[in-house]
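These features come from TrEMBL:
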type: DOMAIN; residues: 32-138; note: domain 'ABC3 transporter permease C-terminal'
type: TRANSMEM; residues: 73-101; note: transmembrane segment
type: TRANSMEM; residues: 121-140; note: transmembrane segment
type: TRANSMEM; residues: 165-185; note: transmembrane segment
type: TRANSMEM; residues: 205-226; note: transmembrane segment
type: TRANSMEM; residues: 260-281; note: transmembrane segment
type: TRANSMEM; residues: 301-326; note: transmembrane segment
type: TRANSMEM; residues: 347-371; note: transmembrane segment
type: TRANSMEM; residues: 391-411; note: transmembrane segment
Amino acid sequence: MGVSFYIGSLVRGSEFDGQIGQAYVESGSTGIVLLILVSVFAISSSSRVAVTLQRRDIVVWRLAGVSEQQAKIVALVEISIATAVGTLVGAAGAFGLWPIWRLVLHAADMPYALTLGVPPLAVFPIVVFALSVTAVLGGMKAGRQAANVRPVLVLKSDSVAVRRFSWGSWLVGGLALYLIGYLLFLANRTSPHSSITDITQKTTFIYLGTALAYAVLVGSVGKYFVGRFLRVWTAVVPKRWSKSWFLASRQSEHDLEISTALVIPLTVSLVLVTGVFGYVGQAQDAARAFGVAFAGKGIDIGGLVQLLGLPVLISLINAGGIAIGTGAKKRRDASMLFVLGATKRQLYSKLVFESVMLVGTALLISLMVYFVNGLGFYLAVRYGPIPDASFIWPSLTPFVLALLGLGIFLVSSLSTHRRLDYVQSGDIK
């Protein structure tokens, strides 16, 4: 549904000439890129968590005589089947809800409604196959680690070993860094003798390109630094301030795979949101520096919501799904803490603090990326085509999105802890 939504913008853009048609095409193509980025990182994170939660089952298979290779294959086949079934259910729902979706767009006077038809059925098998491949690739490393680990280590602890860089992460991260450097070089080398429109369009779209590259960088290598970043910034609050804060900090570090799977997709969404809003701010600043009125190219709040709404929604749904999917493990951990003397109030407070830590980590990483990207772009154009350029400070949008993500985390986590009043020592398995 999301891809078809943005394809409608591309079709609409082909009906107009000049800046109006270009705005539709840019909006549609950018939306497709954002949607694919968020979907890939969300599905990869979910598949890694799914394999991690199966570590005990894989160990039982190993003890029953199943080989390492067979255990890994079975785990990945389960993920691919679950992904395919989930995609088919989602596709069927999208197909059934499509007429309602068109009516909503038409009622909101959105131009996409005029060009959107029923999604072609031929697209759904392609989507199912692509998502299944993404899920298998995302869970392959976790499946290999789970199958190769010594059974006694898994039975002793649920924690996952600290990640090491893989060649794929190095490759993607290196390409993203190269692209960032190359785009900043292009921005700096833009001719100041070009027309104001050309300079503004070229430099601001370069800024958007660097924001997308930073999102890829965070999604590919950020998972290796989430634990360290989480440990550093939560250390600002003394552990003795609250037992619940101490428990939440230790739990987040202990369940690092789950914490990373929750943080990375939300961080990527925040980086994209701050990047798109920063792109608009850069265009406005370039117009101010040249002393001309900012035309906006059709960009307004409604257009930004249309552009960012679906990728952000996918990220939030993914986070909520992971929180619910890991509920059984969290209830088991809560049962153990309860038996060891923790009160129910402390357990609920721990749950809240844990959500705050994860969302805070995503927000801080995204803001750090925004400032690095903004400073690099500012220096590139300040000593290049726009001498009067200014540094664009972030808007309140990422903070609002972070609060929304916090609400999703809390609701999803609390729904899995609704049976906390009935915790018994027998829940510990």
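Every residue gets a Cβ built from N, Cα and C, even glycine.
As a quick check, the transmembrane segment (205-226) and the transmembrane segment (391-411) miss the bar of 3 or more Cβ pairs under 8 A, pairs 6 or more apart, so the two do not touch.
Within the model, the domain 'ABC3 transporter permease C-terminal' (32-138) carries an average pLDDT of 67. Residues 30, 34, 37-38, 41-42, 45-46, 48-49, 204-205, 207-208, 210-212, 214-215, 218-219, 222-223, 226-227, 230, 299, 304, 307-308, 311-312, 315-316, 318-319, 322-323, 358-359, 361-363, 365-367, 369-370, 373-374, 392, 394-395, 397-398, 401-402, 405, 409 of the same chain, all 6+ positions outside the transmembrane segment (260-281), place their C-beta atoms under 8 angstroms from a C-beta of that stretch. Sequence-remote contacts of a segment are chain residues at least 6 beyond its ends whose Cβ falls under 8 Å from one of its Cβ atoms, and for the transmembrane segment (347-371) they are 214, 218, 222, 226, 229-230, 233-234, 242, 244-245, 247-249, 251-252, 259, 262-263, 266-267, 270-271, 273-275, 278, 334, 337-338, 394, 398-399, 402, 405-406, 409-410, 413-414, 417, 420.
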